[in-house]
Amino acid sequence: MSATLELARELIQRPSVTPEDAGCQTLVAERLAAAGFGAEWLNAAGVTNLWAQRGTERPLFCFLGHTDVVPSGPESAWQHPPFQPIVENGCLYGRGAADMKGSVAAFVAAVERFVARHPDHAGAIAVLLTSDEEGPAVDGTRRVVETLAARGAAIDYCLVGEPSSQARLGDEYKVGRRGSLTGHLTVHGEQGHVAYPHQADNPIHAFAPALQELVATEWDQGDADFPPTSFQISNIQAGTGADNVIPGAMEVVFNLRYAPAVSAEELQERIESILHRHGVHHTLHWRHSGAPFATREGALIDAVEQAVTAHTGQCPRRSTSGGTSDGRFMGPTGAQVVELGPLNATIHKANEHVAVADLEALEAIYFDILQHLLAPAD
């Protein structure tokens with residue numbers, strides 16, 4: 001059994017449902033200590049965070065991952081118990097196999113092999129793991145990055161092991177992500193009888209013209225790497241349930257996924273302007289989950305594309321699609337950030353799995369990326 005598969009199995013059998021770590025990071029820290037890494041625990045609010053580093057010189061290359069997983073759901077929906085790693089028909093089954101304990105195992109094994117071959121490698125290597133990626137993502141990577149920034153630490157390259165592949169390993173990798181901005185809007189009216197609308201103020205009617213404009217607005221045109229910003233209503237609630245009562249208030253939740261062409265502050269100002277222009281009496285609270293980031297060129301891009309091409313025979317597509325990841329906390333630091341991992345077809349589903357051959361190839365790709373960036377000059 002390979003080092004990658006063995007470690008992946010050991011991680012999967014630990015039921016680390018977010019924000020629990022269940023000993024996963026201790027296992028990794030022990031493995032990395034044997035390879036000359038120092039470990040620092042930056043835990044906060046019940047979240048386990050490991051920062052392990054070898055070397056102090058620049059450039060600093062960081063593998064970023066998470067050890068927490070989403071709940072398994074009904075065990076009856078699984079072919080095998082979700083926290084009992086099973087290899088069947090060439091695939092490793094278990095919660096976290098693809099998202100993202102398989103990637104963690106692959107990059108730890110790659111680091112071990114690289115350090116053994118190049119004990120005097122250039123720069124420094126770090127591994128950052130958190131148990132708060134699948135949850136609120138407040139006390140995990142975000143907190144660690146803030147701590148490192150306060151120390152003046154600079155990360156040059158960051159590879160996030162998120163499952164980026166679509167149909168085959170390495171066919172696609174992320175070079176950026178859109179930002180996410182959520183608004184919690186309360187439209188204030190006055191409750192009354194539907195037969196006497198002149199004695200009430202219907203918040204639904206008051207908001208309707210503004211909603212039409214919000215939905216029709218072109219926020220930006222995107223660019224070569226990012227689609228235009230999208231505005232989506234996710235929840236609307238109003239009324240008492242009775243058919244003869246005009247509601248006194250309406251709650252609306254909306255989200256914008258936005259490109260670097262526009263800022264969160266600009267979007268907030270434009271939305272407030274629309275609401276005021278339509279005379280909507282409202283209260284609006286914002287939650288900014290993360291700014292967009294993009295790595296459009298650089299040594300990390302070159303290393304990833306060369307390594308993937310060498311092991312798959314095809315250059316990976318660059319993509320910025322999908323939801324947010326912890327890469328959003330690394331992007332603003334100035335680091336070159338990419339996401340590269342296994343297939344995402346079964347993530348968060350029953351019978352989550354990853355091909356064992358893909359895990360082995362992923363370890364080799366990660367190893368080659370380190371070779372390109374940190375191998376000592378001959």
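A Cβ is built for glycine as well, from the same backbone N, Cα and C atoms used for every other residue.
Going by what Swiss-Prot states, the Zn(2+) 1 site holds HIS66, GLU162, and the candidate of ASP99, ASP139, ASP201 recorded there is ASP99. Zn(2+) 2 binding, as stated in Swiss-Prot, involves ASP99, HIS348; the candidate among GLU57, GLU134, GLU305 given for that site is GLU134.
Spacing of HIS348 (Zn(2+) 2 binding site) relative to ASP99 (Zn(2+) 1 binding site) is 8 Å (Cα to Cα, whole number). Sequence-distant neighbours of GLU133 (active site, proton acceptor): residues of the same chain at least 6 apart with a C-beta under 8 Å from its C-beta are THR18, HIS66, ASP68, GLY140, THR141, SER325, ASP326.
Once Cβ contacts within 10 Å are tallied over all protein chains shown, the recorded positions ASP68, ASP99, GLU134, GLU162 are led by GLU162. Across the fold, the C-alpha of GLU134 (Zn(2+) 2 binding site) and the C-alpha of ASP99 (Zn(2+) 1 binding site) stand 10 Å from each other. Most Cβ neighbours within 10 Å among the binding-site residues HIS66, HIS348: this distinction goes to HIS66.
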